[in-house]
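Have a look at the structure below before the remarks.
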Amino acid sequence: MKDSKLDSVCPDLSTYNSLIHVLCLVGKVNDALIVWEELKCSGHEPDAITYRILIQGCCKSYRLDEATKIFSEMENNGYNPDTIVYNSLIDGLFKARKVNEACQMFERMVQFGVRASTWTYNILIDGLFRNARAEAAYTLFCDLKKKGQFVDGVTYSIIVLQLCREALLEEALELVEEMEMRGFTVDLVTISTLMIGLYKHSRWDWTDKLMKRIRDGNLLPSVLKWKVDMEATMKAPQSNKKDHTPLFPSKGDFSDILSLISSAASIMDGDLESDDVGVKDDKISSTHIDQWSSSPHMDRLANHFKSTDHSSQLFSLSRGQRVQAKGESSFDIDMVNTFLSLFLAKGKLTLACKLFEIFSDTGANPVSYTYNSILSSFVKKGYFNEAWGVLSEMGEKVCPTDIATYNVIIQGLGKMGRADLASSVLDKLMKQGGYLDVVMYNTLINALGKANRIDEVNKLFKQMKSSGINPDVVTFNTLIEVHSKAGRLKDAYKLLKMMLDAGCTPNHVTDTTLDFLGKEIEKSRYQKASIVRNKDDP
DNA sequence: CGCAATTTTA
């Protein structure tokens, strides 16, 4: 039995490793895990490379429990995890909001004599910032700088970003100067960060200050020239472009949104088949349904579904692939993404679309980021037809959807009053090898909660915790609000306690939510008292 | 294996 499995038709270890690697790269981590099981039954022994690839794949897709399990298995089989394996795990733990576990993993790394690298420290600093531990992050940065090691351009970039977030622009500029003096290149990521920081805090006029701080290279001048050219092009009369063709035609058949929410189709079929504007089922006639329920669309949509192959939908695990900041080929789209973000942040949708159009015409290749930005803005404004049009175009341009795309779809469905379709969309996501991260859980909990589907909310919350992701401040705020509004005041209070016990620091949104909860509790006490006619104690 | 521009709460 064992021998026959090892004969020539059976894959060898390196074939298994390559296969697992590729599956992880294309986001099919579930399949990678299946191959992994197969490998273990094949008579081969996994090696350090197998373990590293799998742990990376699991961490990237928020399968932290799985990653931790494989990590233990690796050690039990006599392989010592190296720096890269530890780095992957620490990063994954931070991103799953498991701050304590991440720090413990770092301590363990040191304990076991595994050498921490600059990457390790960057992961630590970034992770601490992202988990509301700014003080610790700054301290670590200063310590490292004092020792004069484990600091590089990325470290500076992380700190500059944080300073921009805190509106400490002067400090950010100083740090950039220091960064350059120490011989680190101020790359496009850092420059974008600074530009966005300046713009957000209405300090465009500081670009000349920036010019003075960055003396090296011609990257900043190129960026500024790009901006000037772009503005000139946008001002110039758009010659033969006035044909009123919509930028993102949704074609009426919604083929792509449908293929995304394919498994929802059967539900929609039954639900909305006889849906005529005006003669609607009570439960869906209430508010936001108009765009969605225009039934000819629905019918075509449903029919189209039956004839479409949904298995080929592209999905990217590397969430909106980071475009490398070097290489002229990506420079244009990097700039487009940055400026789209600036325009959209100010609600300048028209300008954003124009920018997108101009650069589509020049043949610059939009990436998931680009589409997701515009998609999100359309959804936020309630332009659902245009939004689904963006999705179609993503499909046509063979641009993969990622978890942010799905997030926006769920948001959109929620706004349209169709949170009931969320679980079907999730099925589709999972079938594509997708995964849920903290933001996705938060979005889902919010959408379902607003639709008063509290049982589903609680189920998701449970699932979130059991799948190795810690709830964050947004999760708790949303949960408390949803339970308060549903009149489940005790549960809301329990959640508040859970939040504090978990060491999750409340923010200003928590305050607002607790105000509401407090009033509801007051109200219910008053009602109780007036009904029962006896007092309850404080 | 790490940093920007997309996705979450009032």
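Just so you know, glycine gets a Cβ as well, placed from its N, Cα and C.
The repeat 'PPR' annotation in TrEMBL covers A:12-46 (among others). Within the model, the repeat 'PPR' (A:12-46) shows a mean pLDDT value of 94, rounded to a whole number.
Sequence annotations record features per position, and here TrEMBL assigns repeat 'PPR' to A:47-81 (among others). Same-chain residues lying 6+ beyond the ends of the repeat 'PPR' (A:47-81) with a Cβ under 8 Å from its Cβ atoms: 13, 16-17, 20-21, 23-24, 27, 29, 32-33, 36, 39, 88-89, 91-93, 95-96, 98, 112, 114, 317-318, 435-438, 467-469.
When Cβ-Cβ distances below 8 Å are used as the criterion, the repeat 'PPR' (A:82-116) is approached by residues 48, 51-52, 55-56, 58-60, 62, 64, 67-68, 71, 74, 123-124, 126-128, 130-131, 133, 150, 437-438, 468-472 of the same chain, each at least six residues removed from its ends. The repeat 'PPR' annotation in TrEMBL covers A:82-116 (among others).
Under the heading repeat 'PPR', TrEMBL lists A:117-151 (among others). Note on the repeat 'PPR' (A:117-151): residues 83, 86-87, 90-91, 93-95, 97, 99, 102, 106, 109, 158-159, 162, 166, 473, 505 of its chain, located 6 or more positions outside it, place their CB under 8 angstroms from a CB of the stretch.
Mapped onto DSSP helix, strand and coil, the repeat 'PPR' (A:152-186) counts 26 helix, 0 strand, 9 coil. Residues annotated as repeat 'PPR' in TrEMBL: A:152-186 (among others).
According to TrEMBL, the repeat 'PPR' annotation covers A:367-401 (among others).
Taken from TrEMBL, the feature repeat 'PPR' applies to A:402-436 (among others).
Through the fold, the repeat 'PPR' (A:437-471) approaches residues 62-66, 68, 95-98, 403, 406-407, 410-411, 413-414, 417, 419-420, 422-423, 426, 478-479, 481-483, 485-486, 488, 499, 502, 504 of its own chain, all at least 6 residues removed from its boundaries and within a Cβ separation under 8 Å. The repeat 'PPR' annotation in TrEMBL covers A:437-471 (among others).
Long-range neighbours of the repeat 'PPR' (A:472-506) within the same chain, counting only residues 6 or more positions beyond its ends whose Cβ lies under 8 Å from a Cβ of the stretch, are 97, 132, 438, 441-442, 445-446, 449-450, 452, 454, 457, 461, 464, 513-514, 516-517, 520-521, 524. According to TrEMBL, the repeat 'PPR' annotation covers A:472-506 (among others).
Remote same-chain partners of the repeat 'PPR' (A:152-186), defined as residues 6 or more beyond its termini with a Cβ less than 8 Å from a stretch Cβ, comprise 118, 121-122, 125-126, 129, 134, 137-138, 141, 144, 193-194, 196-198, 200-201, 203, 206, 209-210, 213-217, 219-220. Counting residues per DSSP class in helix, strand and coil order gives 26 helix, 0 strand, 9 coil for the repeat 'PPR' (A:437-471). Helix, strand and coil counts from DSSP across the repeat 'PPR' (A:367-401) read 27 helix, 1 strand, 7 coil.
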